[in-house]
Amino acid sequence: MEVEQQRSKKDDDLATNGSGGGTEEEEVSVEKIFEASHEVPPSWQHQLTFRALIVSFILAILFTFVVMKLNLTTGIIPSLNISAGLLGFFFVKTWTKILNKAGVLKQPFTRQENTVIQTCVVASSGIAFSGGFGSYLFGMSDIVAKQSAEANTAMNIKNPHLGWMIGFLFVVSFLGLFSVVPLRKIMIVDFKLTYPSGTATAHLINSFHTPQGAKLAKKQVRALGKFFSFSFLWGFFQWFFTSGDDCGFANFPTFGLKAYESKFYFDFSATYVGVGMICPYLINVSLLIGSILSWGIMWPLIGNQKGNWYSAKLGPSSLHGLQGYKVFIAIAMILGDGLYNFIKVLGRTIFGLYKQFKNKDVLPVNDRSSPNIVKISYDDKRRTELFLKDRIPSWFAITGYVVLAIVSIVTVPHIFHQLKWYHILTMYIIAPVLAFCNAYGCGLTDWSLASTYGKLAIFTIGAWAGAANGGVLAGLAACGVMMNIVSTASDLMQDFKTGYMTLASPRSMFLSQAIGTAMGCVISPCVFWLFYKAFPDFGQNGTAYPAPYALVYRNMSILGVAGFSALPKHCLMLCYIFFAAAVIVNGVRDAVGPKWARFIPLPMAMAIPFYIGGYFTIDMCVGSLILFIWRKLNKPKADAYSSAVASGLICGEGIWTLPSSVLALAGVKPPICMKFLSSSTNMKVDSFLNPS
């Protein structure tokens with residue numbers, strides 16, 4: 001997702017306020033608390049237990065369904081690390097409790113094992129995003145190609161198939177793991193990068209395994225389970241009313257039929273109410289502003305130019321008509337925002353490295369200068385000692401990268417003959433540098449720019465391959481190669497930070513990430529295949545699963561190969577304006593500082609509803625409103641339980657897609673169609689049905 005880069009700080013709030021962990025200079029030594037309870041970290045082999053892998057596999061399937069549904073609807077995917085850590089704790093704690101009562105418990109449940117589960121689950125479900133099932137990979141299909149007026153020849157089309165999707169993911173998803181392993185000590189110990197999401201997850205897991213934290217974790221799990229059940233049953237109830245097109249609560253014209261036509265309505269989605277509770281207020285408000293600007297103002301005005309700016313004979317899906325403005329202006333904003341943040345993070349990376357090597361000191365983080373003398377706490381000494389104990393040899397990482405690169409260079413051109421071996425070789429020579437930049441920048445800012453690096457690959461490799469040689473497909477495939485490398489690299493370093501703070505061995509972390517990635521390479525394509533086969537209108541604009549970013553990514557590739565010939569009249573000028581606006585707004589946000597930046601919308605978030613519509617933004621704003629009122633009434637309780645409640649809402653409706661897909665495959669249709677008509681249309685329908 002695009003907004004997935006901008007992670008919520010609520011993870012930190014939950015870790016510090018809700019679960020008893022402390023982040024203010026770690027006034028209370030966490031490791032001394034665990035030493036007082038006689039905790040001895042198990043060996044790395046005993047951290048990676050059979051039960052941990054079983055629980056990870058079950059949770060990986062659950063979270064893959066959730067991420068896939070979000071990916072194929074709007075592309076907004078919140079951080080699910082908290083949910084993974086919480087559910088992992090609940091499952092294994094229940095497991096060990098039963099075995100303990102039976103008198104056969106051989107190994108107690110430790111925070112290191114909890115960390116392994118969280119790492120494995122997030123690595124597996126992360127493939128549902130980096131695998132491109134809602135973006136570059138599905139953008140290769142004829143379903144998406146038919147929605148584009150350009151480059152829809154057989155050379156630029158490759159339809160999904162379970163075999164090649166699994167093979168492709170296996171040969172490209174592991175290189176990122178090996179690319180940054182030699183730098184783990186530099187990143188975590190020497191540079192002391194914060195990795196806020198990894199740090200927040202570590203605080204949460206540490207707190208779970210103290211008596212007070214375990215008690216709160218049980219309450220959080222109960223809240224998650226309660227709202228999971230509600231969300232699942234609500235999805236089941238809604239299914240009965242969706243017998244035809246535009247039927248059911250998801251098409252409820254909350255603000256009237258005119259607003260419904262402009263995609264402004266509350267669609268009763270528990271998933272996006274939950275996502276709204278997790279995402280920061282600013283993202284939700286930015287989405288709403290983007291909806292109003294596009295569907296409330298711009299598209300009606302441009303629609304009035306039908307017959308003048310574009311032909312009145314064009315269909316609603318033609319990119320030479322109104323659809324072209326929606327898609328390409330959204331692309332311009334996404335590219336403007338991505339380019340600005342790429343330059344900003346790269347600049348901070350270079351400046352940080354310069355300061356580090358010049359002063360041989362801790363990096364300045366969040367614009368605070370580091371002290372000249374750094375006092376090393378007991379916790380840091382203890383964590384560093386164990387973090388450096390189970391070393392992963394550099395020769396192993398380098399050899400692994402080279403071997404996997406050779407396999408990939410040989411294999412990928414057989415999957416995508418438009419992508420030549422020298423294209424892949426060039427990417428793999430450059431990829432370790434980009435993986436380092438992404439992992440380093442993520443440590444400073446908590447932003448992963450994986451999709452930005454993927455877009456760079458689309459334009460460069462696509463243009464290099466050329467239009468005559470299937471450059472559109474080559475660009476999309478190159479995007480997949482690059483995104484998987486840089487995304488996995490930053491995820492691994494986040495998990496190393498979590499492992500560092502929970503005394504989990506780097507070896508167990510690396511293996512759990514590799515196992516989770518392998519799980520994801522099988523689970524994600526299978527889940528996608530279920531969606532693909534179960535819903536006959538899959539991938540079509542305006543349906544339940546439109547996969548909106550697939551068309552966006554395909555058109556980026558067309559733009560990179562064919563130039564601006566695909567754009568309708570005045571669209572290029574509007575693209576320039578919105579590209580510049582995205583850069584300027586980001587510049588202003590940084591210039592005014594965090595105090596005022598929280599009142600300035602995010603261009604990336606504003607761009608999403610330009611193409612999709614504003615219906616889901618209403619849901620997310622409802623989620624924000626619920627959280628806002630809850631915090632006003634009882635802030636400590638809201639901070640402690642809001643993530644659990646939101647996760648329950650997201651996971652419940654998300655997992656309902658499994659039985660609904662099975663029902664669709666079995667040919668079982670809902671019995672009722674609930675549809676809303678205007679009074680005049682209703683009279684016509686009545687007179688038609690009752691001609692007497």
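Even glycines carry a Cβ here, placed using N, Cα and C.
Record features, source TrEMBL:
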type	residues	note
REGION	1-25	region 'Disordered'
COMPBIAS	1-13	compositional bias 'Basic and acidic residues'
TRANSMEM	48-70	transmembrane segment
TRANSMEM	76-95	transmembrane segment
TRANSMEM	116-138	transmembrane segment
TRANSMEM	162-183	transmembrane segment
TRANSMEM	223-241	transmembrane segment
TRANSMEM	324-343	transmembrane segment
TRANSMEM	392-412	transmembrane segment
TRANSMEM	424-441	transmembrane segment
TRANSMEM	461-489	transmembrane segment
TRANSMEM	510-532	transmembrane segment
TRANSMEM	571-588	transmembrane segment
TRANSMEM	608-630	transmembrane segment
Inset, instruction - For the transmembrane segment (571-588), could you work out the same-chain residues 6 or more beyond its ends whose Cβ comes under 8 Å from its Cβ atoms? - result: 324-325, 328-329, 331-337, 339-341, 344, 564, 600-601, 603-604, 607
Legend entry - Segment proximity, the transmembrane segment (116-138) to the transmembrane segment (162-183), 3 or more C-beta pairs under 8 Å: yes
Inset, instruction - Please work out whether the transmembrane segment (324-343) lies in contact with the transmembrane segment (608-630), by counting C-beta pairs under 8 angstroms that are 6 or more apart in sequence and asking whether there are at least 3. - result: yes
Legend entry - Proximity verdict for the transmembrane segment (510-532) and the transmembrane segment (48-70), three or more C-beta pairs under 8 Å: yes
Legend entry - Same-chain residues at least 6 beyond the ends of the transmembrane segment (116-138) whose Cβ lies under 8 Å from its Cβ atoms: 1, 4, 47-49, 52-53, 55-56, 59-60, 63-64, 66-68, 71-72, 75, 77, 80-81, 84-85, 88, 92, 144, 160, 165, 169, 173, 201, 205, 450-451, 454, 458, 476-477, 479-480, 483-484, 487-488, 491, 495, 498-499, 504, 508-509, 512-513, 515-517, 519-521, 523-525, 527-528, 539, 547-550, 552-553
Legend entry - Winner by Cβ pairs under 8 Å against the transmembrane segment (76-95), considering only 48-70, 223-241, 461-489: 48-70
